[in-house]
Amino acid sequence: MLGSWLAGCSDTDWQTKDISGLMPPLEFDLTSESGETVVAQAFRGDVTLLFFGFTHCHDVCPTTMAHLDSIIGELDEEARGDLQVLFVSVDPSRDDPDTLREYTANYGPEFVGVTGTEDALNALTRRYRVTYSHGEKDETDHYDVSHPNAVFAFDREGKAQFLIRESDPRKVVIDDLRKLLGRRLGA
Amino acid sequence: MWELERVVGYLLPWEFSPAWAIACLVAAGCYLRGLKRQRSKGQAPDLWRSFAFLLGVIGVYAVTQTQYDYLSQFMFFTHRAQHLVLHHMAPFLIALAAPLPVLAAGLPVRSVSLPGRAMAGRVLGPLYRLLQHPLIAPLLFVGLIYFWLIPEIHFDAMLSRQLYQIMNWSMLLDGLLFWWLMLDPRTPEQGGLGYGTRILVMLAVITPQVLLGAYFTFSERVLFDVYDVCGRAWPIAPLTDQRLGGLLTWIPASMMSVIGILIVVRHILAGKDDANTGKADPERGMTQP
């Protein structure tokens, strides 16, 4: 582990943050925006982007979703068909399947909302070593939720590949996404 | 009852690691057994030494195998506090306790005649002497702090569970080696490092830590974005988090060297008094196994 890390983890030179070898494959057991149970295996065969947020977010979530939507718009139609963006709501008490569906409808068809019980969400956030927390309610019952701002990218086999940070230039993200989408299963 | 459950909840590991739990339990268990055996022979060390050793072991356990570990993973300043314990305070207390005679007395009799013991000694002996060289030890001590705080390295270490464990273990083991060399109860005549050299080594590690801590404290930009990427344990301004972490890297870490130097100066003065009065200091020159 230490040797491969020091030598550089991946056989692909990602321009965004390479997380291959650092993070485990995609695994979860959540509820989709259609109200059905959904597991990570359902997304095998597609490139998957994973983002944690909540629909009442006023800054990071809408900015990141719009940014991803616009980047995906620059990809070929065929590539777009092989891409899924999982918006994992860490605020399940407000983000029921209907709310999630309405929210992701603002973006392209690649966007899928998922959420789950506290245990299921904690298992997923622990797996990717991220965290979230809920703030105090104000007089209108509104509360803030702190959450990670990164987007995790997984290949068609569900293996972690790279991480997109807010500071990553647009061109770099597009290049890495094209490269990842260009890889076929078993390649 | 609910309060009790909450307290117990805080004491449970965030990520259970058998290696940390076993190391702490074996160290404490072995020490307590040795203490009992030595007491029965009337050879028990001073109470404060036992207290220092157990406090050091509890400190290691507390920052690695309780919910504190969660805070260490999702906040920079709490991470720096974790390393302050693993690399400075806990090893300092353990070394100050001079625990080897007690630990040796607590070892199972069978372990003394384990096969391969002599071979392991022959292999590890030269490595140990290299790491304890008065030029290598401070380089390693400061070098490890700097290494794990290179932003890209730090990013990977916080993202990967295995690297995170390697980072924490490396800090504890290096801390034990360094403070053991500095607070070695043997006098220079008995094979311990010269007192003047110890003072120079502890002075040498202060400046790099002050510079690094000051750099984090006064930096106007966020250097460690992993805490934004992964989320923070509670909402705190990133620069405030970094500045608090900088202060912890700077002040208490350097103070440990100052305390170490004062202890060595005390040894020097006690040695002079002994020479003048012809008495031996019972706290110094403890026989090591």
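Backbone N, Cα and C define each Cβ position, glycine as well.
According to TrEMBL, the protein has these features:
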DOMAIN    A:17-186  domain 'Thioredoxin'
DISULFID  A:Cys57-A:Cys61  disulfide bond
BINDING   A:Cys57, A:Cys61, A:His147  Cu cation binding site
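Annotated features taken from TrEMBL, shown on the structure.
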residue	record	Cβ within 10 Å
A:Cys57	disulfide bond	19
A:Cys61	disulfide bond	21
A:His147	Cu cation binding site	26
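Checking the recorded positions A:Cys57, A:Cys61, A:His147 against chain B with a Cβ-Cβ cut-off under 8 Å leaves A:His147, in sequence order. Confidence in the domain 'Thioredoxin' (A:17-186), given as mean pLDDT, stands at 93. Between the CA atoms of A:Cys61 (disulfide bond) and A:His147 (Cu cation binding site) there is a gap of 9 Å. Across the structure, A:His147 (Cu cation binding site) and A:Cys57 (disulfide bond) are spaced 10 Å apart at their Cα atoms. In this structure, A:Cys61 (disulfide bond) is part of a helix by DSSP.
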